[in-house]
Amino acid sequence: MTVYNFCAGPAMLPPEVMNKAQQEFLNWQNLGVSVMEMSHRSAPFLAMVKECEASLRRLMAISDEFDVLFMHGGGRGQFAAVPLNLHLDNAPGVYIENGIWSTGATQEGARFTTVEGINVRNDDNGQFDIKPVNQWLLPENASFIHYCPNETIDGIEIFDVPKHKTAPIVADMSSMILSREINVDDFDVIYAGAQKNIGPSGLCIVIIRKTLLAREGLPCPSILDYKIEAKQGSMYNTPPTFSWYLAAEVFKYLEANGGVQAMEVHNKNKAAILYDYIDGSDFYSNKVAKHCRSLMNVPFWLKDDNLNAEFLAQAAQNNLVALEGHRLVGGMRASIYNAMPIEGINALVSFMEKFAKEHS
Ligand SMILES: *Cc1c(COP(=O)(O)O)cnc(C)c1O
């Protein structure tokens, strides 16, 4: 029995990786102990993390101008770490607000620094829509520009990258890292909680331009301090070792399967199948403008909300699980990260067709 798990996060991981982790769970590299039972400073673990970083650098073509940090605290840890580390006196943290997560980042930033929120939603036509990036009015004076390229809850993705003359561009890529090709040089800080496209929760990857480590910032807990983590090889304290190991396995798996380029083709195919079906149906709808539809998170609504509970129950009976939309937007949401196979999309569409026919 194959269950297709559409959870937004923690999300499904590649079955190949999960099977390998199971096989070596009690006895990693023939050491007679589990990877989670050994010192993070032992030679085998250090060799693993070195290769993990090298693998991520190859996958994303990350140059030597960047450090890669493996931190604690997920995406939200970075909502605090970004303003604490990047704050400049007399310059606001500028937050692009394009959905629920980026607005959450603004609120957290406001606890530590002066923030300027810029709403770039353009929902006047009754759709979830985003103003084109070149029409965003960014102030000249900013400590940093923070935005979220993929809004996991709203199902909105921004494919262009904002530019600024002086301020670093910071991107919360928690739900789209490694899903399509990006040019890392267009950014200054990229961060991503692991539990959507990388591995188990607890780990957060931060890719940071080395020149930014010179910023003094604000007094900051050592565990969130980029300078300290960079200096200590992300081992200021005990890192989330099992999550780190699993991330390394996912990277290996991605490299063996065509890398990010292949993932992008795979993800665009999957999203097209689902959106095309929804657009062609008069039973389901998606409210996001076409140019900014997420490749990773596909929200959809039934024409009658009273059918939601029955839809979810029948979907689960058909081994299609975790389709309930986020409580803030309602409806359904299919999260279709890298690990979701095309078979899962086909199974979902077949079920949706059948359900619509029976309830029209
Ligand atoms: C899931 C998510 C987060 C929060 O991650 P946590 O690890 O739970 O803190 C932040 N930003 C985005 C875009 C997300 O999808």
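Even glycines carry a Cβ here, placed using N, Cα and C.
The pyridoxal 5'-phosphate site in TrEMBL is built from G75, R76, W101, T152, Q195, N237, T238 plus one of D89, D172, D225, namely D172. In the three-state DSSP classification, T238 (pyridoxal 5'-phosphate binding site) falls within coil.
For ligand 1, no neighbouring binding-site residues occur among R41, N237, T238, by Cβ distance under 6 Å. Listed in sequence order, G75, Q78, W101, S102, A105, H146, Y147, C148, P149, Y191, A192 are the same-chain residues at least 6 apart in sequence whose CB falls under 8 Å from the CB of D172 (pyridoxal 5'-phosphate binding site). Long-range Cβ contacts of R41 (L-glutamate binding site) within its own chain (separation 6+, distance under 8 Å): M235. Cβ neighbour density within 10 Å is lowest for T238 among the binding-site residues Q195, T238.
One residue stands out among the recorded positions R76, K196 for having the most other Cβ atoms within 10 Å of its Cβ: K196.
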